[in-house]
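Enquirer: Pasting in a structure now, in structure tokens, and then I'll have a few things to ask.
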Amino acid sequence: MTTASSPHNPQSTVDLGAQYITCTPHYAKTHQSFYDELLAGGILKPLISPIDGMVTKEGDCNFVAPHGVSSIINHYLKQSGADICFRQRVTQINLRDNKWEVSRETGSSEQFDIVVLTMPAPQILQLRGDITNLISECQRQQLESVSYSSRYALGLFYEAGTKIDVPWAGRYITSNPCIRFISIDNKKRNIDSRYLGQKLRAIPWLALHSAENDFTNNWQCVSCRGHMEPWESSEIGPSLVIHTTVPFGVTHLEHSTEDVQELIFKQLENIVPGLPQPVATKCQKWRHSQVTNAAANSLGQMTLHLQPLLVCGGDGFTQSNFDGCITSALCVLEALKKHI
């Protein structure tokens, strides 16, 4: 769930990872409190813009994050009250005096009572230190069995006033060896580019229906309404994101992002000819994009050590979507509650 900003204007953003969230009837019930909270706070809203080629199933609801998909993560980080340190690469985990000593790539280290790892399974196996001896042979085989797809995402930022004249907000491509998905990001999020990045007043816009009128069973989106009330004037250009196919991503995984970007541009011209030149670009390599095979029999998490507690979680132990992440988080929480 990554949202990139234009270097020319931080209010101009584009989602480079997850594009929208699909909620099935099952998770609408079991994860209702999470969806209710995010919808009430305006962090999610129904996807109403046309996505060409999207496969939908009866009872599913699709949502977008109007302020970028990373706003979901930021919401939960803010709720946690924790002091967050970004861009800290962990290289070693050692057991010191009944605490975990976590070492960074910079050489510095810090001690913790509990460690929760949510990085991709291959990166867990790359960690050095005592953790290598704490992973049982069975757990190692489970972690090694987790597989991921790989792809690239290219974000394009345009000048204010730029028009991208296509009838869709997003489009799945089935006949191109390079490009799988294209989205006009602000159009997908149903936000006028004039109002991107502005504070919006909370206005009721979602109607939910329940068979028993208590919002506990089988709710579904039946209508959407509302408008934005900008608190300040602004003009921000549109943004566009391209996701490559998995075969293209695997083939070019070790290529430079500059070379990959050039290849994507050439294919993009065939699909959407006449696009203006962007003022900025962001090419993201997703080496571990979506889980294609999760850890078997992991029950949403994997406990590597009890005292002190060291537990692994994330979509590698469930599935690569929002509900998979929530499921794993709840399983990790149960593991924590048992040992705190």
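In case you wondered, yes, glycine gets a Cβ from its N, Cα and C as well.
In case it's useful when we look at the structure, here is the feature table from TrEMBL:
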| type | residues | note |
| --- | --- | --- |
| DOMAIN | 57-125 | domain 'Amine oxidase' |
Enquirer: Mean pLDDT over the domain 'Amine oxidase' (57-125): what is the value?
Expert: 94
Enquirer: On the DSSP side of things, how many residues of the domain 'Amine oxidase' (57-125) fall into helix, strand and coil, could you say?
Expert: 16 helix, 24 strand, 29 coil
